[in-house]
Amino acid sequence: MLKGRCRDCQAKISKRYPLVELLTALAFLLASLVWPESGWGLAVMILSAWLIAASIIDLDNQWLPDVFTQGVLWTGLIAAWAQQSPLTLQDAVTGVLVGFITFYSLRWIAGIVLRKEALGMGDVLLFAALGGWVGPLSLPNVALIASCCGLIYAVITKRGSTTLPFGPCLSLGGIATLYLQALF
């Protein structure tokens, strides 16, 4: 066993790494239980990996790399195209467009009103990409859950007037909405 140290340099390994691996394993297990032996379950596992990685980066750097938002987008659209999604390809594309237009408009209006950037472009792209997974009618659920998570995060971390990484909140809102759709 490594005893919490790197095998090569003996530097201490952050507890974050095993926690991220455990979270990913639990996400995969949950997807396999909810959607056993299905292409959609596999797609949700891939989505979970994209969202966990993007969330960690956003928490650290307040930046959502395009490779992750594009990964979420294209994985959802490919799943719909391959008929592995509960959505038709038309619904998935509509979800992406509605998500983009909604959050881009919100970003633009909030920028004018607040005279500063209220939403990063990565948040806009992630919300749009999640529209390809949940469809246009469930995007309000994603936004509501994400907003509640953001509010709780701001209160817990006492980030009243400072910037808040919203990607993890959107990720949680998207995944929660997917599972709620499966259960109800």
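Just so you know, glycine gets a Cβ as well, placed from its N, Cα and C.
Residues in the domain 'Prepilin peptidase A24 N-terminal' (1-33) partition by DSSP class (helix H, G, I; strand E, B; coil) as 18 helix, 2 strand, 13 coil. Under the heading domain 'Prepilin peptidase A24 N-terminal', TrEMBL lists 1-33.
With DSSP states grouped into helix (H, G, I), strand (E, B) and coil, the domain 'Prepilin type IV endopeptidase peptidase' (45-155) comes out at 93 helix, 0 strand, 18 coil. Among the features that TrEMBL reports, domain 'Prepilin type IV endopeptidase peptidase' is placed at 45-155.
The transmembrane segment feature in TrEMBL is assigned to 16-34 (among others).
Taking Cβ pairs closer than 8 Å, the transmembrane segment (40-57) reaches residues 16, 20, 23-24, 27-28, 31-32, 34, 63-65, 68-69, 71-72, 75-76, 79, 84-86, 126, 133, 165, 167-168, 171, 174-175, 178 in its own chain, all 6 or more past its ends. According to TrEMBL, the transmembrane segment annotation covers 40-57 (among others).
Same-chain residues lying 6 or more positions outside the transmembrane segment (64-82) and placing a CB less than 8 Å from one of its CB atoms are 39-40, 43, 46-47, 50-51, 53-54, 57-58, 88-89, 91-93, 96, 120, 122-123, 125-126, 128-130, 132-133, 167. The feature transmembrane segment is assigned by TrEMBL to 64-82 (among others).
Taken from TrEMBL, the feature transmembrane segment covers 94-114 (among others). Packing against the transmembrane segment (94-114) from elsewhere in the chain are residues 73, 76-77, 87, 121, 123-125, 127-136, 138-139, 143: each is 6 or more residues past its ends and has a CB under 8 Å from a CB in it.
Look at TrEMBL and you will find 126-156 (among others) tagged as transmembrane segment.
Feature annotation from TrEMBL assigns transmembrane segment to 162-180 (among others). With a cut-off of 8 Å between Cβ atoms, the residues of this chain six or more beyond the transmembrane segment (162-180) that come close are 27, 30, 34, 44, 47-48, 51-52, 54-55, 57-59, 62, 64, 119-120, 122-123, 126-127, 130, 133-134, 138, 141-147, 149-150, 153-154.
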Mean of the pLDDT scores, which run from 0 to 100, over the domain 'Prepilin type IV endopeptidase peptidase' (45-155): 97
Chain residues outside the transmembrane segment (126-156) and at least six past its termini with a C-beta under 8 angstroms from it: 47, 54, 64, 68-70, 72-73, 76-77, 79-80, 85, 87, 91-100, 102-103, 164, 166-174, 176-178, 180-181
